[in-house]
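Structure first, commentary second.
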Amino acid sequence: MLNSPEEEVLAKACDAIYKFASKGDENKVTLLGLGVVEPLFKLVSHEDPLVRRNATMAFGILASNNDVKKLLRELDVTHSVIARLAPEEDIVIHEFASLCLAHMAVEYTSKVQIFEQGGLEPLIRLLSSPDPDEFNDLHVEALAVVANCLEDVDTMQLIQQTGGLKKLLSFAEMSSIPDVQKNAAKAIAKAAYDSENRKILHEEEVEKCLVNLLGTDNDGSKAAAAQAISAMCENLASKDVFGIQGIPQLVQLLSSENEEVKEAAAIALANLTTASPTMENTNLDILSIEPLINVLSAKRDGTIANAATVLTNMATQEPLRLSIQSHGVMNAIVEPLQSTNSMVQSKAALAVAALGCDVDARTELRNANGLEPLVKLLHSKNDEVRRNACWAVMVCATDELTAVELCKLGALDILEEINLSTGRKNNFSEGALDKLLDNNLSQKYSQMGYLSSSNIITDGFYDYGQVIAGIRIWSLESLCSIIMSSTLPAWCISSFF
């Protein structure tokens with residue numbers, strides 16, 4: 001029927017094929033096996049508008065199948081499909097021609113063909129079409145093609161030079177179609193993985209567009225915008241802009257009920273605050289602390305890990321660190337320390353190292369039973385987790401009460417074992433061991449046989465007698481509870497002169 005000389009038969013045959021192909025991928029495979037693609041392709045350029053429309057609709061649906069796409073590339077259909085984007089064509093033809101190109105633009109060779117055969121200009125022009133609901137699919141599909149093309153620097157430069165990039169950003173910002181906004185943000189994110197593309201996007205003030213998308217009503221658009229901000233943070237100029245303009249909106253998104261939005265916001269905030277030379281100029285303030293601490297108990301590991309990273313970065317500013325500590329952060333960090341996810345473990349331990357530099361914070365962690373999971377992380381086979389756990393132990397061992405408790409939990413034994421291994425020891429394992437001994441002088445003297453000139457003996461110090469490494473000495477309380485006998489002499493000195 002696709003070879004019929006009658007236009008009415010052709011139109012009905014194309015319509016039937018379209019409906020059959022729409023039922024699923026299995027039907028598309030069947031049609032491919034029946035040899036439908038070649039005769040259908042000829043009808044895409046038929047002189048009759050109805051035949052042309054129905055053929056293009058069927059073509060657009062079929063193009064989602066990988067085997068069909070392969071055949072389309074062999075037939076070199078790109079030029080004919082781009083021709084269907086002409087202004088005089090029916091809007092339905094525009095929609096399905098764009099759909100066909102969107103499927104094909106996933107492949108690099110097809111992307112190049114679309115670019116070389118002048119397909120970008122009509123696609124960008126379609127984005128400027130009016131915006132009633134009959135245009136939803138058209139905008140989404142046209143944007144999908146442009147998005148795939150934005151990944152290549154040469155294409156990005158061309159789109160910028162022709163003014164298309166500015167139109168694209170304006171369209172994404174002003175559109176009322178959630179899928180358009182979401183896909184535009186995703187397109188920016190994909191393009192921003194290339195450093196040259198990031199420079200171009202910054203020149204076109206992409207930051208303004210993305211910040212505005214954070215305020216939309218659609219969760220998909222918000223998450224995609226946050227992901228694009230994360231990607232653009234590799235550009236320091238963009239990072240500075242987002243640090244001032246985007247942080248309040250991102251912090252607000254941490255309270256979203258949508259877990260994807262919450263995670264995307266946390267990642268963006270982590271990227272914005274990591275290795276930022278202008279950290280003190282960001283809008284992260286006391287109001288940001290509670291939402292960040294709250295998401296330490298979120299459902300997604302990525303959310304928790306990145307929230308911990310932001311708190312760690314904020315702790316470099318002393319006023320913020322003190323405020324974070326006053327919000328009960330050490331109680332909240334205990335659960336992440338017990339996570340089975342190595343990324344969460346690592347970031348949680350690093351947060352303890354950053355926030356545990358005050359006695360009140362260490363006391364809070366000790367009272368919250370946070371030292372035990374921290375010590376367990378010293379056993380980790382993950383180098384980063386073990387390194388950060390050693391760092392945290394070194395910080396926490398600064399005061400005697402915490403150092404003694406860490407020793408009771410076995411930290412000293414584990415650190416001695418780590419330091420004997422060339423593959424497991426790290427920059428902080430030796431420092432952590434020294435700190436534990438320096439704040440547990442009775443243990444140090446019994447084990448080492450000497451004290452350093454910087455070690456100050458205070459009330460409670462006692463000489464247990466020499467022990468070998470790995471043997472824990474008994475506390476004075478434990479020794480006093482032993483019933484004396486002639487075979488177990490002990491001396492107790494109650495004061496020093």
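From the backbone N, Cα and C atoms, a Cβ is placed for every residue, glycine too.
Over in TrEMBL, the protein carries these features:
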REPEAT    118-164  repeat 'ARM'
REPEAT    245-273  repeat 'ARM'
REPEAT    369-393  repeat 'ARM'
Would you list the DSSP helix, strand and coil counts for the residues of the repeat 'ARM' (245-273)?
23 helix, 0 strand, 6 coil
Over the repeat 'ARM' (245-273), what does the predicted model average in pLDDT?
94
Tally of helix, strand and coil residues over the repeat 'ARM' (369-393) according to DSSP?
20 helix, 0 strand, 5 coil
